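**Q** The structure is given below, and queries will be raised subsequently.
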């Protein structure tokens, strides 16, 4: 298990990528990757449910690239809703994945959940980042889809979430 804030994947960064990484303060990491047959399970946690969702989004993006090499040049907002906390987490991650894979090729350095309405299962979030570029960002593993398989949301004293991503 990685320590909080520790980079868990080796992207063999160039000097230029290391310089970008050194330019900005590191973003808190409260997540880990768990082995799963043919896929990857994200485990994220936080002091609040909002932080656990944020960390899960960053775990997903951290699997695709070293988010420390991303500069916060643009801002993107994502709002979505679900029928319960699990579907809310699914749609939240799916909307962020869409921003990366189909829409603007946006990769965030940081995602912040502004609000989770637990009564109506709505979420508002914002991300700071830039357009993904292979010449600038190290390539990790493509995330094809979010799955409901074995998804868990624990909204207790220490909120945590588990999500399997299709790679």
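Note: Cβ is positioned from N, Cα and C throughout, glycine not excepted.
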**Q** Name the residue, out of 35, 39, that Swiss-Prot lists for the same Ca(2+) site as 166, 167, please.
**A** 39
**Q** Using DSSP with the three-state reduction, classify residue 166 (Ca(2+) binding site) as helix, strand or coil.
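**A** The three-state answer is strand.
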**Q** Here are the binding-site residues: 39, 166. Which has the lowest count of other Cβ atoms within 10 Å?
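**A** The binding-site residues 39, 166 were compared, and 166 has the fewest Cβ atoms within 10 Å.
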**Q** To see if you understand the setup: which same-chain residues, six or more apart in sequence, place their Cβ under 8 Å from that of residue 167 (Ca(2+) binding site)?
**A** 38, 39, 40, 63, 141, 142, 143, 144
